[in-house]
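Report on one structure; see the data block that follows.
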Amino acid sequence: MDDDLMLALRLQEEWNLQEAERDHAQESLSLVDASWELVDPTPDLQALFVQFNDQFFWGQLEAVEVKWSVRMTLCAGICSYEGKGGMCSIRLSEPLLKLRPRKDLVETLLHEMIHAYLFVTNNDKDREGHGPEFCKHMHRINSLTGANITVYHTFHDEVDEYRRHWWRCNGPCQHRPPYYGYVKRATNREPSAHDYWWAEHQKTCGGTYIKIKEPENYSKKGKGKAKLGKEPVLAAENKDKPNRGEAQLVIPFSGKGYVLGETSNLPSPGKLITSHAINKTQDLLNQNHSANAVRPNSKIKVKFEQNGSSKNSHLVSPAVSNSHQNVLSNYFPRVSFANQKAFRGVNGSPRISVTVGNIPKNSVSSSSQRRVSSSKISLRNSSKVTESASVMPSQDVSGSEDTFPNKRPRLEDKTVFDNFFIKKEQIKSSGNDPKYSTTTAQNSSSSSSQSKMVNCPVCQNEVLESQINEHLDWCLEGDSIKVKSEESL
């Protein structure tokens, strides 16, 4: 029985030891435990902040911002208060803490979070004062986590390492302790009136600070960056500014300008109608007038138009004679089109609008307007005209007037066909013979078709152009009859 008791006691002791080890393993590690250096040597700053806020500050720091600072080298951390709504920012020095142990990062973060908590809860707004409230929270967190949060950090070696720009005063203060005239800074900022101690230094010493130390190749790097930064800017500026010695290429304006509301009737420089061509036309018409005497008071008013400007000339109306049939044969009537854009030329030639008698150029009845196209009439041969023209006729002298106001010409009007479009109309005057004028119109309209001969594509016989359609029908019907008769045989 003694053996059984001894065995039971031994088993109980082993069980207790296992339970103790299990309980010790289940206990959470301290925030500054050495094992964290291997488990998580570079923790996430935001994750640590959220964890500590819920664990030690009851979630009161949700409106606080935490971030790294790359330029801050004088202190390990700082808490900045922003506004009255509980907004503040915590910044930790990346240059000082990136090579320090994880323990220093945790303690510095908790230190600044205590300052933020005191500001948010309106207990203490002086971030430099580590008074009773600050010490109370500091000891509370130290007892819970095993950390060693202090009032000031001890990273003096790292701070001195980043102070690579040195200045020394050449006045009496270079012999006074504790600084002996030295000013050491991490940035290249020379001592000046912006420093709070500058006024006192000027009173007690009055010396000037001379730079005695800076990082290696610092001045060369600065000059290189300045050169690289200036060259592209100068190149871009010189690109836009022309050189004074170089001659600038002057490109004249090749477009066409318009003045709104301009009613000038002066001819434009680009007019193609010349007085020489008008004189030749007058000579041609005067010859026909001398051969066939017509009422001398009957005149034709010709208006030469181009780009909205006009030029008027009065010509004696020619009479129709047998010798003039060659000229009239070049005219053949066309049906007028509603779309006036179709009457445009390619070379920008002008148009001539003609009104008969003493009727104004715009007093033309809309019901009596029609268009007649003409072929090229050579002035050298006295049978062709080189200028494009459009004749504006009127059959009813006492009819209603159709005004055509001056409009700004479109760009498409520059391109006009080589052929000229002519409108003409014979007006009855008091001294003219109506029978004679009727025969003249009939002869002029039928002369073109009666004088021209064309070959029939079926029988190859010469036929008048006016009868070609009837002849083709007759030839095709005859061929079809022959084919049917051959098939029936």
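Just so you know, glycine gets a Cβ as well, placed from its N, Cα and C.
Sequence annotations record features per position, and here Swiss-Prot assigns domain 'SprT-like' to 45-212.
Residues annotated as Zn(2+) 1 binding site in Swiss-Prot: HIS111, HIS115, HIS130. In this structure, HIS111 (Zn(2+) 1 binding site) is part of a helix by DSSP. Contacts of HIS111 (Zn(2+) 1 binding site) defined by a Cβ separation under 8 A and a same-chain sequence distance of 6+ are given as GLY77, MET138, ILE149, THR150, in order along the sequence.
For 325-332, the entry in Swiss-Prot reads motif 'PIP-box', with the evidence type experimental evidence.
Residues or ranges marked as ubiquitin cross-link in Swiss-Prot: LYS341 (among others).
Residues or ranges marked as region 'Disordered' by Swiss-Prot: 357-409 (among others).
As annotated by Swiss-Prot, compositional bias 'Low complexity' applies to 363-383 (among others).
The ubiquitin cross-link feature in Swiss-Prot is assigned to LYS376 (among others); the stated evidence is experimental evidence.
The compositional bias 'Polar residues' annotation in Swiss-Prot covers 384-403.
The ubiquitin cross-link annotation in Swiss-Prot covers LYS414 (among others).
Residues or ranges marked as region 'Disordered' by Swiss-Prot: 428-453 (among others).
The ubiquitin cross-link annotation in Swiss-Prot covers LYS435 (among others), and the record cites experimental evidence as its basis.
Annotated compositional bias 'Low complexity' per Swiss-Prot: 437-451 (among others), in sequence order.
Counting other CB atoms no more than 10 Å from each candidate's CB, the binding-site residues HIS115, HIS130 peak at HIS115.
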